[in-house]
Ligand SMILES: Nc1ncnc2c1ncn2[C@@H]1O[C@H](COP(=O)(O)OP(=O)(O)OP(=O)(O)O)[C@@H](O)[C@H]1O
């Protein structure tokens with residue numbers, strides 16, 4: 001399928017605050033640009049070359065935006081496209097406490113505060129309820145990358161508890177997948193949300209100065225959609241997945257005051273985010289040939305989403321306070337770089353031959369039942385639509401022989417299958433008869449190929465000579481009509497070809 005290049009779309013979402021730094025952060029009237037202004041630090045001298053102004057252009061700036069409007073702007077189109085076969089990735093990035101989990105999962109206190117994941121699940125199941133010509137199945141997985149270790153947040157749902165399979169990221173022609181990650185079929189929205197809540201309770205969180213419930217890991221909630229359509233006699237199978245990623249927040253250790261386990265986690269988080277940034281820079285550089293996706297678990301898992309055939313959207317979550325302006329600048333730089341990346345989304349379609357056979361068998365059986373009903377309505381109950389038996393074929397052959405011998409005038413055809421059987425048997429019998437006639441003729445006559453002109457001319461010459469001698473003897477024997485016969489002889493003589 002022909003792919004069209006698409007840019008990654010990047011949005012900025014500002015966490016609401018009473019201390020919004022109006023002098024530092026300015027939004028453009030188009031709701032797509034954001035300017036940052038940092039005053040010169042007088043302590044560092046009047047003359048210093050430090051940059052003070054930055055302008056960033058994005059696909060949208062979400063400021064004081066409800067969860068509903070955020071979803072409409074960021075996710076709705078990507079989810080609709082996933083329903084027709086395009087893979088999609090939405091990723092929340094930003095400093096700790098800036099609102100990534102709020103954007104991705106939402107808050108539980110009020111229904112309207114639900115985030116991208118529950119809304120995407122709802123959109124998918126609403127579309128399934130409306131679908132009339134397809135059979136759609138949905139499955140869910142929830143992966144956590146904690147301290148460079150892959151963890152299955154839904155392993156508790158597999159019955160036997162944690163899976164024994166060693167999880168690993170595997171590259172294959174269809175893309176990247178995580179071997180050993182449990183994937184759960186869900187039949188409705190509630191089923192899917194139960195899995196989300198189960199996964200949420202298994203996530204690693206910790207408290208630090210900037211966030212009471214800080215995520216200490218990167219989490220990927222994946223919705224797998226498989227749609228099967230009947231297209232003429234084929235079963236068209238469309239497989240897509242939506243990766244909804246809540247990245248762990250970047251942390252200034254001086255600000256979070258982390259120590260012990262939380263400090264170690266922060267080191268892993270910052271390292272993996274720094275690898276992610278390197279990948280983004282490399283992808284945005286058209287001269288770069290090798291992109292080191294495998295240098296961390298996060299970048300390896302994101303390989304398809306960043307460099308592949310996928311619709312990708314980034315939400316950079318930022319804080320509005322002047323205190324966090326350095327982190328805000330860093331997140332805006334990251335978002336702008338993401339916008340340089342191009343992907344080539346394609347519909348993931350396959351034709352399922354096993355499914356096709358099954359569907360065709362089902363259809364044939366339905367059609368047979370339908371025909372049997374029609375036949376019984378017109379009193380044709382003897383008609384069968386099963387393949388002809390040997391006995392039926394022998395009966396047809398005997399009828400053909402009788403017809404060719406002239407014993408019967410017509411051959412009875414009671415169904416389409418017996419008509420087919422008739423044609424099937426008639427041809428060999430006809431050819432056999434023709435061969436027999438030819439053999440009989442050859443035993444009596446010399447047959448000349450009608451295109452063999454030299455032999456035909458020679459035969460004509462012999463025939464003419466024979467005719468001439470016959471006439472001469474006629475003349476000799478009868479002596480009557482001599483003149484007329486002589487003329488015929490002269491004419492025949494002149495017509496004999498000279499070899
Ligand atoms: N747009 C918003 N509107 C209202 N509350 C918000 C918004 N964004 C974030 N919050 C609140 O701010 C707090 C921190 O947000 P959240 O946990 O989502 O941050 P985070 O970026 O995921 O942090 P971390 O990286 O540490 O996990 C939460 O209590 C959350 O409810």
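Positions of Cβ are set from backbone N, Cα and C atoms, glycine also.
Pulled from TrEMBL:
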BINDING   94, 95, 96, 97, 98, 99, 100, 101  ATP binding site
DOMAIN    7-341  domain 'Kinesin motor'
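Contact annotation for binding-site residues (95, 97, 100, 101) versus ligand 1: 97, 100, 101, each with CB under 6 Å from a ligand atom. Cβ environment of residue 94 (ATP binding site): 100, 247, 249, 250, 316, 317, 318, 327, 331 lie under 8 Å away, each six or more residues apart in the same chain. Under the three-state DSSP scheme, residue 101 (ATP binding site) falls in the helix class. With a 10 A radius on its CB, residue 98 (ATP binding site) counts 27 other CB atoms from all the protein chains. Residue 100 (ATP binding site) has a Cβ environment of 27 other Cβ atoms inside 10 Å.
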